[in-house]
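Asker: Quick paste of what TrEMBL says about this protein:
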type     : residues : note
DOMAIN   : 24-255   : domain 'ABC transmembrane type-2'
TRANSMEM : 24-42    : transmembrane segment
TRANSMEM : 62-80    : transmembrane segment
TRANSMEM : 106-133  : transmembrane segment
TRANSMEM : 145-170  : transmembrane segment
TRANSMEM : 191-213  : transmembrane segment
TRANSMEM : 233-253  : transmembrane segment
Amino acid sequence: MKEFSKAVKAEMIKQHKVYFHSKMIYVSLFVWPMLLFITSYYSYKPFNIGKSVVPYLNEHNLLIFILLGYMSMSFFRMLVQSAWNFSFERLNGTLEFIYLSPVNRFAVILGNALSSLFEGVWVMVVFSVFIFIMRRQYFNINGSAAIISFLLMMVMAVMWGIFLNSIFLFSRDSGFLFTILEEPMEIFSGVKVPTTIFPLWAKAISYIFPLTYALDAMRRVFLNGEGLYEIRGFIAVSIFIVVLLIVVVNICLKQGEKHAKKTGNMTLF
């Protein structure tokens, strides 16, 4: 366990030095989500929110509704980007050190995911908390359910990042996944538009992304006052997703190692 922790810590430090070496990076991490958030917020202004199909959504808590979406999206977006950046280590020749070292592969991709999670989202989280405090009178929040739903959202985000890292680790070129998972996740997970108004085909796509379940539960907890009993379905689905991703990640890592030992080729697919 000690060696595992050291490997996680070392990877987190490495990622920090490589990708977060300038303060301007944090500015960009704040500016782009903010521009998208402002665009989405004002796109709602021409409509009568009071007639929304979402019962707890109104013109007073609309800002919170959208901001919850973009704050949650920032967790998952950073982990998709971290996996994409991880693929560049193959081009730079540093990925071979991971293959040749005796370090636990799961520890490496966990450290990569955790580093991107905490380094990349804290600016957006601080801004969101500030806005939430300013608009606190429009919350209808269940405290215990809010904590549980937020923690489960973070765990799912980390596991989503680990899963993508495991694919990029043993793939020759998975850059297309960044394109597939970046914008569609924002569109179909309900960040901008509630999934309840989606047509059937769009709802089917939304179920692919863990963010869909996390975002729906957080909005219900923060804006509709739903408790742990009401979100028990989300809790069960979250645990299932986390366990499933752990199993898939371990299969990818073991098959990749087996393939490398047999063929001498680090590219599994």
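In case you wondered, yes, glycine gets a Cβ from its N, Cα and C as well.
Please treat TrEMBL annotations as automatic predictions, because they have not gone through curation.
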Asker: With a Cβ cut-off under 8 Å, give me the same-chain residues at least six positions beyond the ends of the transmembrane segment (145-170) that come close to it.
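Answerer: Long-range Cβ neighbours of the transmembrane segment (145-170): 72, 75-76, 78-80, 82-84, 86-87, 95, 98, 105-106, 109-110, 112-114, 116-117, 177, 181, 210-211, 213-215, 217-218, 221-222, 226-228, 230-231, 234-235, 238, 241-242, 245-246, 248-249, 252-253, 255-256, 259, 266-269.
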Asker: How about long-range neighbours of the transmembrane segment (191-213): same chain, 6 or more residues beyond its ends, C-beta under 8 Å?
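Answerer: Long-range Cβ neighbours of the transmembrane segment (191-213): 40, 43, 52-54, 57, 66, 69-70, 72-73, 76, 156-157, 159-160, 184-185, 234, 237-238, 241.
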Asker: Report, as numbers and ranges, which residues of the same chain sit near the transmembrane segment (106-133): CB under 8 Å and 6 or more residues beyond its ends.
Answerer: 4-5, 7-16, 19-20, 26, 29-30, 33-34, 63-64, 67-68, 70-71, 74-75, 78-79, 81-83, 86, 98, 139, 154, 157-158, 161-162, 165-166, 169, 249-250, 253
